[in-house]
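First the structure, in the form of structure tokens, and then the observations on it.
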Amino acid sequence: MKLIVAIIRPEKLNDVLEALFRAEVRGLTISAAQGHGGETEQVETYRGMTVKMELAPKVRLDIGVSDHFVEPTVQAILEAARTGQVGDGKIFVLPVERVYRIRTGERDEAAVTPVA
Amino acid sequence: MSDGAIAWMLISTALVLLMTPALGFFYGGLVRSKNVLNTLMMSFGALPIVGLAWALIGYSLAFAPGLPVIGDLSFALLRGVDVAAQGQIPHVLFMSFQATFAIITAALISGALVERMRFGPYLVFLALWAVLIYAPIAHWVWGGGWLAKLGALDFAGGTVVHVNAGVAAAVGALVLGQRRDYGRQAILPHHIPFTLLGAALLWLGWFGFNAGSALAANESAALAFTNTMLAPMATALVWMLLDLVRTGKVTAVGVATAIVVGLVAITPAAGFVAPLSAIALGALAAFPSYFALVWRARTRLDDSLDVCAAHGVGGLTGAILTGVFAQESWNGITDGLLFGNPMQVVIQAVAVLAVAAYTAVGTFVILRAIAAVTALRVPDLAERLGLDVSEHGEQAYTSGEGAILLLPTARPAESGVRVEPKVKQVGGSA
């Protein structure tokens with residue numbers, strides 16, 4: 001079991017969700033995030049004040065998968081989230097100690113296997 | 001009296017009253033989300049405080065006969081303010097119309113005081129300022145006082161309202177001091193759509209403000225109405241170009257600001273200049289306010305929402321240009337510099353200087369007097385948490401998550417929202 005954490009561009013979220021759906025990855029959590037990964041800063045002007053936006057809006061996906069699902073998931077995100085510009089984001093693959101499905105109490109592999 | 005005049009002035013009075021809540025939204029969009037309710041309340045609070053102070057005593061000091069510098073108390077407590085004719089409208093309506101001006105003028109100052117002033121002392125300041133500063137100045141120009149006799153032109157309040165409030169705002173910002181984050185952090189507007197909506201409602205209300213200042217439904221009102229439409233358009237266009245040259249983009253906050261600056265500038269001139277002159281006046285008025293605003297942001301003067309750059313400088317420009325563009329063939333009263341009467345510019349300048357000097361000293365004295373009795377500013381922790389919670393015990397934008405219902409008998413003070421010593425223990429994590 002792995003936890004895949006992906007930080008992506010908000011405007012690529014729909015493409016990524018579609019790619020994950022095609023790869024049959026069904027369980028995921030998304031959240032709004034802010035981050036900075038070396039992309040060019042956006043400059044904004046409010047009356048006499050000019051500011052540089054150091055943090056850009058990002059979307060974070062948390063996906064718990066069984067081992068054989070790691071590669072397809074990572075590939076789907078890599079392809080769908082890429083624009084080639086700095087700021088496309090990161091994918092982290094983390095080991096997971098245990099997983100429980102709250103509804104049934106199932107654990108580990110059974111807990112991350114989609115309900116048929 | 002005429003039915004037409006009464007009908008138009010009833011509508012105008014309601015339109016000008018709407019400008020104060022509109023100002024609240026204009027200002028509210030420009031502050032941070034933790035202070036938006038307090039900023040709105042600084043405008044909404046002016047409605048009861050200044051409105052009643054005006055009815056009880058301010059109106060008399062402004063419009064009762066008396067000395068050249070101030071009216072007497074013959075209209076105090078609305079004595080003798082009845083439905084008999086005052087010009088073409090009933091006296092009570094004239095009093096109501098003028099009340100709406102006092103309210104918006106006092107509320108304008110709040111833009112320089114936001115995000116740090118205690119609400120109670122602010123309301124006391126409003127009441128004192130409306131009675132001691134606004135009412136005498138209104139008397140000078142509109143109540144038959146010395147500036148009226150001198151021949152100063154101020155159709156709807158460029159000097160009485162805007163120079164007055166603009167200078168008072170700068171003094172207020174100086175006395176109050178900077179916000180703790182000013183110059184240290186980027187303080188961004190939290191809801192620019194509010195600001196645009198506020199500017200739109202201000203423009204709508206300003207038709208009552210300027211065209212209503214004809215105090216009749218006549219040619220003068222029609223001219224003022226037209227000029228109130230055209231001048232801000234010219235200001236907005238020039239402002240867009242200035243923004244484009246300086247930053248490469250036309251900003252929304254800039255357009256909202258430009259509309260207000262254009263309205264301010266045409267206010268003293270509205271019924272005195274030709275429509276083409278109004279366009280020129282509006283276009284010219286963009287420059288001083290634009291650069292004052294850019295320059296102010298680099299200084300240590302935390303006139304937070306640039307009341308002085310928009311209203312003080314805009315009012316000054318408008319008052320002087322009124323003396324330049326006034327045209328007797330349009331107003332039936334007098335010509336300005338361009339039409340052979342250079343003295344009018346001098347008279348206009350005298351009026352601006354007199355008003356600026358009186359309001360600067362008076363505002364300073366009132367604020368220091370209040371400060372001698374109680375603190376003007378919220379404590380540092382309250383400023384960090386935001387004045388919505390510290391002053392009003394409310395939040396503007398809340399999801400309700402994490403809110404636990406207390407028993408009906410529990411007092412609000414026990415909920416821990418009060419920013420008094422009790423909460424200081426958790427202050428480190430704020």
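Note that Cβ sites are derived from N, Cα and C of the backbone, with glycine treated the same way.
So that you can see what the record holds, here are the features copied from TrEMBL:
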| type | residues | note |
| --- | --- | --- |
| TRANSMEM | B:6-28 | transmembrane segment |
| DOMAIN | B:7-397 | domain 'Ammonium transporter AmtB-like' |
| TRANSMEM | B:40-64 | transmembrane segment |
| TRANSMEM | B:92-114 | transmembrane segment |
| TRANSMEM | B:121-143 | transmembrane segment |
| TRANSMEM | B:155-176 | transmembrane segment |
| TRANSMEM | B:188-209 | transmembrane segment |
| TRANSMEM | B:221-242 | transmembrane segment |
| TRANSMEM | B:249-266 | transmembrane segment |
| TRANSMEM | B:272-295 | transmembrane segment |
| TRANSMEM | B:307-326 | transmembrane segment |
| TRANSMEM | B:346-367 | transmembrane segment |
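Taking residue pairs at least 6 apart in sequence, the transmembrane segment (B:272-295) and the transmembrane segment (B:346-367) share fewer than three C-beta contacts under 8 angstroms.
When Cβ distances are compared across the two stretches, the transmembrane segment (B:92-114) makes no contact with the transmembrane segment (B:272-295), since fewer than 3 pairs at least 6 residues apart fall below 8 angstroms. Proximity of distant same-chain residues to the transmembrane segment (B:155-176), defined by a Cβ-Cβ separation under 8 Å and at least 6 residues beyond the stretch ends, is recorded for 101, 104-106, 108-109, 111-113, 116-117, 129, 133-134, 137-138, 140-142, 147, 209-210, 212-213, 224, 264-265, 267-272, 301-304, 307-316, 318-319, 322, 351-352, 355-356, 359-360, 363-364, 367-368, 371, 376-377.
Contact check: the transmembrane segment (B:249-266) against the transmembrane segment (B:121-143) gives fewer than three Cβ pairs closer than 8 Å, residues 6 or more apart, which falls short of the contact criterion. Per-residue confidence over the domain 'Ammonium transporter AmtB-like' (B:7-397) averages 97 (mean pLDDT, predicted model).
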